[in-house]
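Worksheet for the structure shown next.
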Amino acid sequence: MSRTTPAADRGRASRPRPAGAPEVETVFREEFGRVVATLVKRFGDIDLAEEMAQEAFVEAMQRWPRDGVPPNPGAWLTTTARNRGIDRLRRESHRDAKQQAAYHLYGEEESVPSAPVTSVTDERLRLLFTCCHPALAADAQVALTLRLLGGLTVPEVADAFLVPERTMAQRITRAKRKIKAANIPFRVPRDADLPDRLRGVLGTIFLVFNEGYLPQSGEHAIRTDLCHEAIRLGRVLRGLMPDEPEVTGLLALMVLTEARRPARVGGDGVLVPLDEQDRTLWDRALIDEGHDLVRWCLRRNRPGPYQLMAAVNAVHTDADSVSDTDWGQVLALYDQMYAATPTPVVALNRAVVVAELEGAEAGLAIVDGLVLDGYHPFHATRADLLRRLGRANEARAAYDRAIELASNPAQIAFLTLRRDALDPPAG
Amino acid sequence: MTQYMISVMATEGEPQPSGAEMQRSFRDVETFNEKLRKNGHWVFAGGMHEPSTATVVDGTGTDVVTTDGPFSESKEYIGGFWVIEATDLDAALRLAAEGSKACGGKVEVRPFHDEADIEDMVREADARA
């Protein structure tokens with residue numbers, strides 16, 4: 001298959017041009033969610049929508065390298081998938097009544113065969129809310145979102161979460177079955193439910209990001225593909241809900257976190273803490289984008305947890321070194337976060353900042369008052385504070401506990417290194 | 001429209017409400033039922049005696065076998081239920097939340113089959129065979 005795109009044809013979107021497999025792949029990722037969402041709206045059936053979208057992409061794979069990419073690939077795919085769906089429904093007269101009803105309801109527009117794909121944005125948003133419905137289990141929400149909106153194949157989703165393909169296929173099938181049987185609506189929730197439901201959607205996207213940024217299972221220190229997919233979904237959501245500050249806050253948080261990724265794990269596979277990171281490796285373009293997003297949030301002045309976390313990251317990425325960091329500002333942000341959500345985890349993060357401003361002793365006093373025994377960052381933080389205070393024996397015990405609880409390989413390597421560098425036990 | 005069963009989940013040995021609490025709950029449930037009827041959601045509802053009053057009947061063999069119930073010895077049991085009709089799960093969940101508040105217990109929402117589902121199930125069973 002040819003990878004080349006004749007330079008003369010570049011930028012002339014009106015004329016078909018030959019496509020290479022990577023190009024079809026890119027279009028696939030970009031358009032899959034749109035095509036599925038449009039077809040769900042039309043046919044009222046996720047399985048059918050998914051199958052027809054898949055078939056349209058297979059056809060594109062065969063035709064585009066030969067005939068060129070059509071001027072509007074998304075519309076071509078949607079039309080192809082829709083026509084195949086209609087054919088299928090005509091062939092299968094036994095399709096159930098619900099679908100028939102949906103077909104009759106939406107089938108009317110058929111007189112405009114290649115009508116421009118309007119209001120699809122709305123439809124992707126509907127699909128996102130369906131996939132992230134609180135009546136579905138959290139792992140099913142993530143899987144459905146990656147499959148239907150992200151366009152990942154079932155084996156890819158299985159791979160991302162390190163579960164057998166069969167298990168993931170069952171999880172997705174069960175979730176789709178529940179959507180259909182329980183009649184989970186394909187709709188953006190009404191205003192009264194929106195804040196709650198949006199939190200669920202944001203939580204799902206952030207879960208994908210975190211699983212990429214700090215995998216809790218498997219041998220990878222970071223799974224870049226999942227980080228990128230989460231950011232992509234975040235950008236789509238921001239395009240769909242441009243006025244929701246928390247949507248922008250989540251995107252800013254992910255972008256600013258991702259910006260530091262190149263410096264986060266050393267060549268030896270050991271996690272590099274913030275104060276030792278080579279800041280020249282940070283991605284300036286992402287930092288600039290993140291700062292713009294945070295400024296947008298500040299102007300809105302409707303803070304929420306994601307925006308506050310993004311703001312903390314903006315302060316960090318604004319400094320040339322740890323000593324340059326405006327820790328007072330970071331503390332003010334954590335104070336605000338703690339006032340809104342007084343959880344031990346927020347208190348722990350706040351304690352780290354207190355330690356920077358007032359010394360390890362002050363930080364440790366807060367940490368020791370928290371009940372977070374099963375949470376490895378608690379022990380890792382305690383270990384670090386004890387180490388800084390020269391209390392090697394206690395630090396060692398805390399490192400041991402943190403290592404025992406941690407599962408990310410880069411994190412374990414870092415904690416082990418720190419523990420082994422402690423002064424040997426007295427006596 | 002989909003029909004849903006909203007079951008009120010009770011747990012064996014949980015503290016019993018006082019007479020006043022019970023009265024209030026009966027009154028709240030009646031208000032809720034009235035609302036269901038008025039808005040066209042009502043299909044059926046009822047509260048049931050405790051599981052120890054149940055009898056299990058097996059009529060699948062040649063002789064009918066009757067035994068003292070309940071069918072499953074579980075700490076959780078269904079204390080009562082509503083059968084409602086709603087446009088979709090979101091609407092059903094909102095009603096379930098009201099019902100839960102009215103009766104003072106957790107509820108479970110489960111969709112009923114419709115005719116098309118039954119056709120699908122038969123077809124799927126055939127495909128498996």
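Backbone N, Cα and C atoms are what each Cβ position is placed from, and that goes for glycine too.
Keep in mind it's a predicted model, so treat the numbers as computed, not measured.
Matching A:1-24, A:97-120 against TrEMBL, the residues noted as region 'Disordered' span A:1-24.
Break the domain 'RNA polymerase sigma factor 70 region 4 type 2' (A:128-179) down by DSSP state and the numbers are 38 helix, 0 strand, 14 coil. Per DSSP, the secondary structure of the domain 'DUF6596' (A:197-295) breaks down as 70 helix, 2 strand, 27 coil.
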